[in-house]
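As annotated by TrEMBL, domain 'Dynein heavy chain C-terminal' applies to 1-97.
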Amino acid sequence: MFLDGCRWDYDSMELGEQYPKILNEPMPIIWLKPIIREELEALSTKLIRYSCPVYKTSERRGTLSTTGHSTNFVLPILLPTSVNPNHWIKRGAALLCQLDD
C-alpha cells in the first residue's frame, strides 16, 4: 500500500508531512488486529488517530454498490498522528492499494 497526501514518519511512528516532490510513499506493513469496541474506545482517549481511508486505486471514486458503498473504497484504518485529524482530511491523506502506471 502507498500513502498519498502524507508520509509515514519512522522516527515518531506516526503520520508526517510529505517530502517535496514525492507524491506517494510506501506504507510499512500493517497488522490488522480485531479488538472489542470498548478496547478501541479506551485507546482512542489516549491517542490522536486519523481514520485514513483505503482505496483500491488513486481515483478515489467508484460506482455505488447495492450496499451503498463505493466499489473503490476498501476500509478505514486508524493511524496515529500528533496533529488534529482535520489536518489530514484537508490534505486528502489516504492509503492506496495500487498506483497509476
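Placement of Cβ uses the backbone N, Cα and C atoms for every residue, glycine included.
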**Per-residue pLDDT averaged over the domain 'Dynein heavy chain C-terminal' (1-97), given as an integer** = 88
**Message:** Based on DSSP, tally up the residues of the domain 'Dynein heavy chain C-terminal' (1-97) by helix, strand and coil.
**Reply:** 17 helix, 32 strand, 48 coil
